[in-house]
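Following: one structure in structure tokens, then a few remarks.
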């Protein structure tokens, strides 16, 4: 996994990449007031983002605010959650959609069947997701790398298929008439998407603050150590198993929150709202953006959510395809963009400096996803008896 | 006796890696485990530090059975290890790597940090460089320094000379000697038998998961069998 294979003139992204890297270096040395200015700027930007004049070129075909809630906002929220598991603790989770489903179903089920308050169902969904994260993690986190990925993939499917076959929660028909959130600050949650958008922004901001605080804490340091070398982390006195479980639980909670907010707007959810491909897409967003670096992960999620939608409306593509609807090819195009990106900037759009160092070292971090993979310097028989 | 390994058996799946190894390490000693590839040296260290579970037998530390204790708890008891292949955190700076060693500690670290930098002036020059971008020898220094930051009573070193130039090997070994002089017991695993035996108070020779010989280091240096097998002598 050497990242420096493509450089210089051969790489048209090198300049953009250098720009990103420059921004990151500036950020690292920025003063506190400069940082707060950026935070405020980002929030203001998020609040004016649904403006129609922005929507007119970002999403000419569909309602821009709705696109911003799903997929864009939902993907960002999910990606920030998955980033805790994949980017911070270095655990490969291919079944993240399960927690999204658990959050969504708990809002739908307890709201329609028991008439619980929306917020109560959201909180309960988050708790339920955390518990299922621990239940999934306790036996499986002893596995590493590929094995963990397979088990989590299975878990995602188990949740979906269970929902499909449980009549109590609607089976394949799903649950309709999911209640909306109650009115807040004079905003009514009805058909107008704007209030849902602000709710989504609030949730994202909250989760980002939580995530950054974690990253800078002792917990974050332990996760970084586990991600970079699990055995060495244990030798430093880090209770690796406990911290991996914690990463799973926190990631699951954020996934559950995303599910709750999604269900609050969707009115209707069914098992196929939570397919495996969504887990894969969110993972792609995290990796594409630069796992472990929050701005990168959010950018990745935005690109992944928005590009396929935007490809529906590209006129020159329509002409090129002889009048065929480009939306039929959007996933293909999207795949092509991903392949291109990974070739030109394998460490992601906006990687952290540290992640770069991990990748260039050969075996660290995401390269091995925590698996025991022999690097250039380790002997071939790492697992063999010595 | 600081550390005692009593008749341990360790398996990788169904394959027995250690077949009843016993050894003792007294306080203040440097003890070496030498042997060829696959003899079980690294597995022995990993079992002592808790990275590998044992099938049977006991590991005693200060007379207390720690065979079932998790690895991170053994660190707090005073078992520090510099692992095979160094295990430096590539995305952390030199200083952050060293501070990871003090993860469980709440006392003042400055004196210990200064001591590590004094032992390895090279690291002091490169405090803010990423661990992953350091050379092999420097990474070995980080790994040893980081293990020292756990304030170990016994320091387990897994092939500190692996992949290093002869000059650096000599330097690393003299630092190990110095660490031992300052009061840390050392259990050393080495393929470089010549250097290891010169340094050691006692040594064990391992072959396919068993201890085949144990004697003071210098005696083993003159032992004809050991010379033939590990020292390239006649």
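Keep in mind that glycine also has a Cβ here, set from the backbone N, Cα and C atoms.
Note that this is a predicted model, so its numbers are computed, not measured.
Summarising the annotation, TrEMBL assigns region 'Disordered' to A:361-386.
Under 8 Å from some Cβ of the transmembrane segment (A:36-55) lie the Cβ atoms of residues 27, 30, 63-65, 68, 194, 197-198, 201, 204-205, all in the same chain and six or more residues away from its ends. Annotated transmembrane segment per TrEMBL: A:36-55 (among others), in sequence order.
Residues or ranges marked as transmembrane segment in TrEMBL: A:67-86 (among others).
The feature transmembrane segment is assigned by TrEMBL to A:91-110 (among others).
Summarising the annotation, TrEMBL assigns transmembrane segment to A:116-138 (among others).
The transmembrane segment annotation in TrEMBL covers A:196-214 (among others).
Residues or ranges marked as transmembrane segment in TrEMBL: A:245-264 (among others).
Per TrEMBL, the feature transmembrane segment maps to A:276-307 (among others). Non-local neighbours of the transmembrane segment (A:276-307) in the same chain are 24, 58-59, 67, 71-72, 74-76, 78-80, 82-83, 86-88, 93-98, 100, 153, 156-157, 160, 208, 211-212, 227, 330, 333-334, 337-338, 341-342, 347-352, 354-355, 365-366; each lies 6+ residues outside the stretch with a CB under 8 Å from one of its CB atoms.
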Applying the under-8 angstroms CB criterion, which one of A:116-138, A:196-214, A:245-264 scores highest with the transmembrane segment (A:91-110)?
A:245-264
Ranked first among A:116-138, A:196-214, A:245-264 for CB pairs under 8 angstroms with the transmembrane segment (A:67-86):
A:245-264
Cβ contacts under 8 Å made by the transmembrane segment (A:116-138) with residues that lie 6+ beyond its boundaries:
95, 98-99, 102-107, 110, 151-152, 155, 159, 179-182, 244-245, 248-253, 255-257, 259-261, 264
